[in-house]
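Everything below concerns the one structure shown next.
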Amino acid sequence: MNFGLRMVSEPDQAPIHSITLFVALLCACILIGHLLEKHRWINESITALAIGLCTGTLILLTTQGRSSRILLFDEQFFFIYLLPPIIFNAGFQVKKKQFFRNFMTIMLFGAVGTLISFIIISLGTAQLFKKLDIGFLDTVDYLGLGAIFSATDSVCTLQVLDQEETPLLYSLVFGEGVVNDATSVVLFNAILRFDLSHITSSSAIHLLGNFFYLFGASTVLGIAVGLISAYIIKKLYFGRHSTDREVALMILMAYLSYIMAELFNLSGILTVFFCGILMSHYTWHNVSESSRVTTKHAFATMSFISEIFIFLYVGMDALDIEKWKIVSKSPGKSIGVSSILLGLVLVGRAASIFPLSFISNLTKKSQSDKIGFKQQIVIWWAGLMRGAVSMALAYNQFTRSGHTQLPGNAIMITSTITVVLFSTVVFGLLTKPLISFLLPRKHTMLPSDLTNLKLLNLPLLANGQDSESEMNGDHIPRPVSLRMLLTTPSHTVHHFWRKFDDSVMRPVFGGRGFTAHVDGSPPERIIH
């Protein structure tokens, strides 16, 4: 495929006009999203999709049905330029204690759950699509569909929950979304790379080994780049001379981690995510106060713009007349394919979340750490949305140079668009009301009363466990003082990690407590 952006119109001045109009639409998405912010059931993604659909309709009318888009870009543009800032900012802003406390459950949902969903969708499409006679689809196409529709929308899931109000749910949904995207992309690339016409036990073992190698190598690369950036900034301390150099180096090294992963055929999503975690833990504390504020907002801003860009374009691309002309000859098949895919997404998601939640709960000793049934429903529902990753993979599988050649491929593309729009709009609109119904918000207590003040101090005394118990409806009094030390084990994985971090890592790579203090620096809780 051609790499990068292309303009739909051909006259010399058209590129400037197209870019101007698209930037104006991005501004409109931000303004309208701000005005609709008070409506909790509307998020930025739905706003951008709606504006994209309206714009696409106007362009269709003005061009007499020839086009619905202002710009053309292929899936490589999405993976190289738009996805990295979203994933990096997610790792940079994540609450690390919650994330790693639930790391095994996140990996269970994100890796094993994605494989379960992949198997169900692949087998389901292989059996059901043959009855519809939609065209020639081989084994690679069915396996590709399994990978495409196993990818949850990590952009939308970031907007589903507030990590301050529901830290356990947020860490599970968000962490699973990142691992899920990485797993889906690795699966998809493995399917395209291996010869599936002669599947043997040795080739299956080789595929599984390659899968775990990609996960491990990608994670190590992200950690390595994050540590290198921390060491360089700690030793040189650019803040004494130029804040611009500090900010530029952090941004470029973050992007370098992703590009290096792509260069070595690794998972850039995992690499840049763990690079973001390491940078927030070490590098961010080594820079000056102004650099901390600048980088925090710069990463968030780039991620925000990328999200709006993706959903605005998807909204316009949904009305591309080329694909729908082919599908219009057999509308019944298109509706049938979309319905089957949506049903398999629902079944695959349920088959992975509820059994794996049961397994995860078996390993939890504390009732507050277990995932309640209402929380399982929220996790299941939040992961039903399909978005930009599914679109990019579908274009890679079923188009050539951005165009659909075969009727079967056209049906697959339009069905993917239908599932993405339906799941994002319908499921997205219902997600927040569902959370409010299943997990109603607790009233915030005023610190004027002594009892309330003690309740506000419980997160510090209970090692952060009270928030999860509140979401489960369990108001269990926490031990305090010496009694807490006698009843709560202190020698945990986190305990040993903090000892190693304080004695070995921070003296070398910097971080909190090992750099010169700058007056007015943001408090630690902003990032942690």
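Backbone N, Cα and C atoms are what each Cβ position is placed from, and that goes for glycine too.
The structure displayed is predicted, hence computed values, not measured ones.
As recorded in TrEMBL:
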{"type": "TRANSMEM", "residues": "16-36", "note": "transmembrane segment"}
{"type": "DOMAIN", "residues": "25-435", "note": "domain 'Cation/H+ exchanger transmembrane'"}
{"type": "TRANSMEM", "residues": "48-65", "note": "transmembrane segment"}
{"type": "TRANSMEM", "residues": "77-94", "note": "transmembrane segment"}
{"type": "TRANSMEM", "residues": "106-130", "note": "transmembrane segment"}
{"type": "TRANSMEM", "residues": "211-233", "note": "transmembrane segment"}
{"type": "TRANSMEM", "residues": "267-285", "note": "transmembrane segment"}
{"type": "TRANSMEM", "residues": "297-315", "note": "transmembrane segment"}
{"type": "TRANSMEM", "residues": "335-356", "note": "transmembrane segment"}
{"type": "TRANSMEM", "residues": "377-398", "note": "transmembrane segment"}
{"type": "TRANSMEM", "residues": "410-431", "note": "transmembrane segment"}
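For the transmembrane segment (16-36), the neighbouring stretch richest in Cβ pairs under 8 Å, chosen from 106-130, 211-233, 267-285, 297-315, 335-356, is 297-315. Here the transmembrane segment (77-94) has long-range neighbours at 3-5, 154-155, 158, 163, 171, 174-175, 178, 181, 254-255, 258-259, 262, 268-269, 272-277, 279-280, 284, 296, 299-300, 302-303, 306-307, 309-310, 388-389, 391-392, 527, meaning same-chain residues at least 6 beyond its ends whose C-beta is under 8 angstroms from one of its own. Listed by sequence, the residues of this chain that lie at least six past the ends of the transmembrane segment (48-65) yet keep a Cβ under 8 A from its Cβ atoms are 25, 28-29, 32-33, 307-308, 310-319, 321, 421, 424-425. Recorded stretches compared: 267-285, 297-315, 335-356; the one with the most Cβ pairs under 8 Å to the transmembrane segment (377-398) is 335-356. Counting residues 6+ beyond its ends, the transmembrane segment (297-315) has Cβ neighbours under 8 Å at 22, 25-26, 29-30, 33, 44-45, 48-53, 55-56, 69, 71, 73, 78, 81-83, 85-86, 88-90, 92-93, 155, 247, 251, 254, 276, 387-388, 391, 417, 420-421, 424 in the same chain.
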